[in-house]
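Down below is the structure, laid out as structure tokens.
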Ligand SMILES: Cc1ncc(C[n+]2csc(CCOP(=O)(O)OP(=O)(O)O)c2C)c(N)n1
């Protein structure tokens, strides 16, 4: 640790230069940026950097994932739980293309990540050389920024810029492609952190007039509704957000990336928005008089049919990215800027309120949802385990302290709906891209970034098998993640749509599955399968008590459905309870 | 509910960057918006490039696209203007058979009346160049096409705005 310090000091100490290779410079840049863990996979075009990583292994921990996609998702999980920049590394060609899914996921979910890829030597560029691929071209539409380095002397400046861009403003993925000759080349290294890029304005200035206009609308509102997203977490605005909604007394609903910003049990939390969200906030979106969106982007899974979304309401949008304003929903007042700064600015203008009657409407609708859906999910009496009761057991054990990392599908919606959170940055899931296979590797990254925390990965039998090979990483790294597979022998979410909208024609959604317990045991991971309700509580308790990685397969009912549901193309207030 | 399409001229000030063309054109391509013309050149500011892009779309779409363009890290600022708000030129060149110059006397008049000019003449062909507004070029093209055109090409639009764009002030502010 001490040595890292000295290297860091040397590196940030601007005046001193040292003659080193490009590949060593890359590692030194990572150290100067405070990187302690990177996820990656070696290969020809990145070997010089790996050689340096070998020398610096006591300062940077390189995690060998079992697939480059796993490296990106692990870097994402690391970033999402810590707020720091995740780093993934791969060789040229197939190594680089294997990163693309994770990069696209990080782009749409605003996750700070830096990907470093090796590239063929610069004199071979464009010659279809072995493992040459135009990764800069390929990754352009899914990166916040990318750049190819062909000279070692460019490395410090470009790397500094990469970290700055990835983390600042609305975060996102950056890819840096480095030719092999630039890795070998020696040059005079000096590192300076990037503090600004002339053409790039990460945070727009907050206009106090818009703050006042927003406050006036909020103060005059009779039925205000807050809808918040990940922006609250990304700008670390949790406290400011809580202070704001508490003073204004506004019922507040979340997107699946925004949840955990305030504790689930907070009295103003009225639940999840969107397609499989809660009944009350969806229905009452079309009844509120002022809709206050904070750090969210009106994704179509949240809004349903746009022409019938909150048409009656005045809309206020707190947003860091000017391109999001009026993109999907027309706003009456846009408060541009960082969510934390804007919320702190508006607080003094806000009148105290309670909106008691308006709150009662949420409670009434919750009761309906509880009777029709929630009760049967969490406390089923009929045969067949439900996904909801598994989540309920996990909640009982975790007491809201665990981070929940979900994959994509029915189990994801159930996890987001029912998981309880006391801490922020605790719901890690692939929201915008809906990337099956995200969960397991993301859980690895999350656990490594926050080893003191309980990290529970929840996947379906489909998505789990998309990145199942990362069990190897868990075994090798001794990562104590808890792995739950909710096995319904179906690609459940697609099957649900087939049942509801394609007359039960289950085209290619039935899965003949392997012995998941045997597979986990093959990686020397403790494993157990539960098929009966009587065993569930004890099995979950055993898993949560384990000090090591633990795999739990729960065989749930095969054709369970997730409700409520806003059918695609329908209005949020036409949400179905069955 | 089709929104009315209008022609807009977009001016984008950028850092010189190899990959940027890709990023900018992808913004239009993703939304199935055809780029009528695109031109990239140096600008009035040292080391800043200026792009002029002509597109047909609704104003609402235009605003969203400007947001997406400005979001790119290497874009300094983007503006859009209607035709009334800019002074613009496009240019074109025609290659035609030299005989026509002697056999078809009207050609000389057409060239003169349209303020075009002859760039070069040799035994086989001559070349006409014309700069002007879109309609002027279209008219000249129609008039010459009856005689047979060997080759025709037309440049992207270049334009300046009537109003100040305040870009230099922005850059000056950054340098402080
Ligand atoms: C990589 C990828 N491929 C396909 C899909 C489409 N898709 C969404 S949910 C789903 C089914 C997921 O099944 P499973 O992992 O078993 O989870 P379940 O829905 O049963 O909980 C599919 C195929 C996707 N989201 N991601």
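The chain as shown is numbered from 1 upward.
Using N, Cα and C of the backbone, Cβ positions are placed for all residues, glycine too.
Database features, via TrEMBL:
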- A:21-136: domain 'Thiamine pyrophosphate enzyme N-terminal TPP-binding' (DOMAIN)
- A:211-346: domain 'Thiamine pyrophosphate enzyme central' (DOMAIN)
- A:407-554: domain 'Thiamine pyrophosphate enzyme TPP-binding' (DOMAIN)
Give the residue counts of the domain 'Thiamine pyrophosphate enzyme TPP-binding' (A:407-554) per reduced DSSP state, in the order helix, strand, coil.
-> 64 helix, 26 strand, 58 coil
Counts by DSSP class (helix H/G/I, strand E/B, coil) across the domain 'Thiamine pyrophosphate enzyme central' (A:211-346) | 50 helix, 28 strand, 58 coil
Average model confidence [pLDDT] within the domain 'Thiamine pyrophosphate enzyme central' (A:211-346) | 98
